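Engineer: Checked Swiss-Prot, it gives:
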| type | residues | note |
| --- | --- | --- |
| BINDING | G75, F80, A126, E127 | S-adenosyl-L-methionine binding site |
Amino acid sequence: MFSNWDIFLNYKNFTINQEIKNKLDLYYQILIQENQKYNLTRITELNEVFEKHFLDSLLFVEQFQIIDQKIADIGTGAGFPGIVLKIFFPNIKLTLIESNNKKANFLKYLVQKLELNNVEILNKRAEELNEYKEHLI
């Protein structure tokens, strides 16, 4: 389990609580468990995942306030930044767009295990999104 939670404390537009910590820990466990099957990331060391994937997913939040927007994450791969944003901001409506079928299946599994609501996963390429205009911001 991750213990260096202080890295999340230097930011003004989000806070971290025990529920978020639990979900991030579970996300990491699932990511590592499923990584070999789905080829999700080459970064697998605990502290690196939390700093380079989870914390980096929140960097633009310092410039843009997030409350309950609709957010589309195109080419989300292992769910960065979309899933991390959803964990920190559960009121957003999130659409994850991933062309790789195996990674899209991983995302479905991850969303279920993390018990995230209002998440739609589209197994599509960006060029195919014209029919999904309502998802684009």
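Just so it is clear, glycine is given a Cβ too, placed from its N, Cα and C backbone atoms.
I'd like to know what surrounds each of these features in this structure.
Structural biologist: Counting only same-chain residues at least 6 apart in sequence, none has a Cβ under 8 Å from the Cβ of E127 (S-adenosyl-L-methionine binding site).
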Engineer: Taking 10 A as the limit, how many CB atoms besides its own sit near the CB of A126 (S-adenosyl-L-methionine binding site)?
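Structural biologist: Around A126 (S-adenosyl-L-methionine binding site), other Cβ atoms within 10 Å: 11.
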Engineer: Taking the Cβ of F80 (S-adenosyl-L-methionine binding site) as the centre, count every other Cβ atom within 10 Å, in any protein chain shown.
Structural biologist: 19
